[in-house]
Amino acid sequence: MAEGGTGPDGRAGPGPAGPNLKEWLREQFCDHPLEHCDDTRLHDAAYVGDLQTLRNLLQEESYRSRINEKSVWCCGWLPCTPLRIAATAGHGNCVDFLIRKGAEVDLVDVKGQTALYVAVVNGHLESTEILLEAGADPNGSRHHRSTPVYHASRVGRDDILKALIRYGADVDVNHHLTPDTRPPFSRRLTSLVVCPLYISAAYHNLQCFRLLLQAGANPDFNCNGPVNTQEFYRGSPGCVMDAVLRHGCEAAFVSLLVEFGANLNLVKWESLGPEARGRRKMDPEALQVFKEARSIPRTLLSLCRVAVRRALGKYRLHLVPSLPLPDPIKKFLLYE
């Protein structure tokens, strides 16, 4: 069996059959030469949640200088920082201690994942809140295709989603799009799947769906934004309302979209036929709610609320409680 050669960067590639992949990953992605990465006690302690060992090690300057070092550890394959490891395991006390000792909260691993993102993915609310309070970017990193908001919306963790929103997460954000309309090497979107509002509906997570809308999520996302829906795959939903109906979501999803000002004319009547109903049977009550809403003009009260919220913009909705208005009107504007 031939030995592995060298890669384009001059580093040795994987060796013969059955190569030690962990060692190869360490060689490729660790922050320091291999001879300096043999001592993984700091990373191992973060993995098992051994706070006392972390305290002891970080009393020494040699370990304090390595607090942001990416390295493999006892049970890990991809080189990560101690904070990233502790966040993955959900050791909130270790996460807090490492941050207070100088760990950088927004460093990314080789996949572009931040400590906050992996805390959310693994469902650790305490670690999520500690990282957010320490200033972690609630939107994650542009180097990764997903976001904390998107994942929380997909799995129905409304408690984590509330925390992300409270710390200013963008409820429409997705890292597939850039400010440029046609950025070089960008991938054009051909579906709604990158939209947090859409994914919460696709998985029938009503509470997350409501939270996103209350926080200012665009009910017509991808229809009046930077995406050309004409390039969507034939038969795929062109707007969130269309997707809600096709996925067989209950009537409450439709009612919320109507209440938050969705453009009902974006759904084509011909798209509601049996051949366009998708994998699930369309909810007859939801379809009836949609048809009734489309046939009856919205009330002036409803239109005013939508107009005021749009004028404020999603980034200023949190200021509504400070407006010089009666409490009932504030609650009305916030859909409380």
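Just so it is clear, glycine is given a Cβ too, placed from its N, Cα and C backbone atoms.
According to Swiss-Prot, the feature domain 'SOCS box' maps to 287-336, an assignment based on sequence analysis.
Note on the repeat 'ANK 1' (37-69): residues 26, 30-31, 75-76, 80-83, 85-86, 89, 91, 93-94, 97-98, 101-104, 107 of its chain, located 6 or more positions outside it, place their CB under 8 angstroms from a CB of the stretch. Annotation comment: Swiss-Prot describes 37-69 as repeat 'ANK 1'.
As a summary of secondary structure, the repeat 'ANK 2' (78-107) carries 17 helix, 1 strand, 12 coil according to DSSP. Swiss-Prot lists 78-107 with the feature repeat 'ANK 2'.
Summarising the annotation, Swiss-Prot assigns repeat 'ANK 3' to 111-140. Among residues of the same chain six or more beyond the repeat 'ANK 3' (111-140), those with a C-beta under 8 A of the stretch's C-beta atoms are 78, 81, 83-84, 86-92, 95-96, 99, 105, 146-149, 151-152, 155, 157, 159-160, 163-164, 166-170, 173, 175.
Here the repeat 'ANK 4' (144-173) is broken down by DSSP into helix, strand and coil counts: 17 helix, 0 strand, 13 coil. Residues annotated as repeat 'ANK 4' in Swiss-Prot: 144-173.
Outside the repeat 'ANK 5' (192-221) by six or more residues, the chain places 147, 149-150, 152-158, 161-162, 165, 171-174, 176-177, 236-241, 243-244, 247, 249-250, 252-253, 256-257, 260-263, 266, 309, 313-315, 317, 334-335 with a CB less than 8 A from a CB of the stretch. Per Swiss-Prot, repeat 'ANK 5' is recorded for 192-221.
The annotation repeat 'ANK 6' is assigned in Swiss-Prot to 236-266. Within the model, the repeat 'ANK 6' (236-266) carries an average pLDDT of 91.
In terms of DSSP helix, strand and coil, the repeat 'ANK 5' (192-221) has 16 helix, 0 strand, 14 coil. DSSP labels the residues of the repeat 'ANK 3' (111-140) in these numbers: 16 helix, 0 strand, 14 coil.
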